[in-house]
Amino acid sequence: MSAGPGSPGRASPERGNVRVVCRVRPQNQIEVDRGGTPCVSLSDTSIQIVTEDGDTSFTFDHVFGQDSKQREVFDYVAAPTVADVMSGYNATIFAYGQTGSGKTFTMEGADIDDGELRGVIPRTADALFQAIADADASIEFVVKVSYVEIYCEKIRDLLDEYRTKVNLPIREDRQKGVYISGVTEEYITGPGASPKSKLEPEPKP
């Protein structure tokens, strides 16, 4: 959802400009078969990595352990963000981590149709449209979706059916704020409105 005119970059003062959350995934089967053992110790706001070379500690706004549920992550990370957006603030949620660390599971989920396994994105879509439905009927909302891949510092438009938008530039505008020039924008009217087949990224080369 785009911010209103004159409000690019406005962040919610209640939650601060940036919050960082860490989620530790459980061991996968390969790691178990190889006899791997967990090397992290967790608290609500910090993790300690234990190695032969010594221990290293990191502090976060919140830490989710190996047994954390998708709903817990959404409730802490995304639900307040939806409220911020409905109040007119810009908001971004992104997952960062190495391959296999659980980004896709956290953001998309193992099954978007499963109430337990759905990730941040489908839950946020549901919450956003529910908030719109509950809002004052005199207010008009417009929701647009873009879907891009950032790979090797290039932005590719995954909603471009002709697959020609492969290196889109990032621009900045006083009214729009920071945006991707030329990116496809789909108007949607509900959380399941976009064709699912178009939201499947292609394998990386």
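The backbone N, Cα and C atoms fix where each Cβ goes, glycine too.
Marked as ATP binding site by TrEMBL: G97, Q98, T99, G100, S101, G102, K103, T104. Annotated domain 'Kinesin motor' per TrEMBL: 17-205, in sequence order.
The 10 Å shell around the Cβ of G100 (ATP binding site) contains 11 further Cβ atoms across the protein chains shown. The number of other Cβ atoms within 10 Å of the Cβ belonging to K103 (ATP binding site), over all protein chains shown, comes to 17. Taking Cβ-Cβ distances under 8 Å and a sequence separation of 6 or more, the neighbours of G102 (ATP binding site) in its chain are R23, R25.
The ATP site is defined by G97, Q98, T99, G100, S101, G102, K103, T104, and by the 8 Å test on Cβ atoms against their centroid, the other residues of the chain that qualify are R25, A95.
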